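Colleague: Before anything else, here's the structure in question.
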Amino acid sequence: MAIRRILTVDNAADLAVLKQVSKDVPAVDDALRGLMDDMLETMYDAPGIGLAAVQVGELVNVIVMDLAREGEEPAPRYFVNPKITWASEELFEYEEGCLSVPEVYDAVERPAKVKISYLNYQGEAVEEDAEELFAVCIQHEMDHLKGVLFIDHLSRLKRDRAISKVKKARRAA
């Protein structure tokens with residue numbers, strides 16, 4: 001396993017990759033499991049609760065996630081070729097952040113509940129209901145696979161301020 005560099009919005013080349021649409025993978029094999037292991041290690045190191053493959057420069061429909069609270073046993077989850085098959089009309093607002101937009105947090109409104117289908121780490125087909133933080137996180141990460149960042153859900157002014165804040169923080173570091 002290896003920690004990979006997380007692409008960020010303050011770097012033009014990184015942003016160009018982050019805005020691309022990822023592709024489905026044909027099968028879950030050892031190479032893909034290696035990528036998922038690297039992604040999980042990278043996410044834990046950051047630290048974060050979710051990471052899409054595009055955030056480490058891989059344009060494949062893969063997400064890793066761990067919603068365990070501090071002090072709880074780690075509970076890593078893997079989502080290959082995830083799809084939302086149903087979304088509630090009821091909305092839920094949550095203050096989101098993103099490892100590709102460091103130190104920026106803002107409220108985003110999304111469907112409160114979704115049904116998802118995906119392949120797991122072993123390549124088995126899974127269908128599952130998601131609500132609350134799980135629903136927010138899976139939708140946030142699936143947006144990445146479509147080239148959409150959480151700041152794209154904000155007004156142009158807030159989005160521009162967010163990118164400026166990240167650039168300013170990088171210069172100060």
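Every residue gets a Cβ built from N, Cα and C, even glycine.
Sequence annotations record features per position, and here Swiss-Prot assigns Fe cation binding site to CYS98, HIS140, HIS144 based on sequence analysis. Here Swiss-Prot flags GLU141 as active site.
Relative to the rest of the structure, where do these features sit?
Modeller: Long-range Cβ proximity for CYS98 (Fe cation binding site), meaning a same-chain Cβ under 8 A and a gap of 6 or more residues, is found for VAL104, HIS140, LEU149, PHE150, ILE151.
In sequence order, GLY50, LEU51, ALA52, ILE63, MET65, PHE79 constitute the residues six or more apart from GLU141 (active site) in its chain with CB-CB distances below 8 Å.
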Colleague: Report, as a single number, how many Cβ atoms besides its own are within 10 Å of the Cβ of HIS144 (Fe cation binding site).
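Modeller: Result for HIS144 (Fe cation binding site): 22 neighbouring Cβ atoms inside 10 Å.
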Colleague: Does DSSP put GLU141 (active site) in a helix, in a strand, or in coil?
Modeller: helix
Colleague: Name them in sequence order: residues not among CYS98, HIS140, HIS144 whose Cβ is within 8 Å of the mean position of the Cβ atoms defining the Fe cation site.
Modeller: GLY50, ALA52, GLN55, GLU96, LEU99, SER100, GLU141, ASP143, LEU149, PHE150
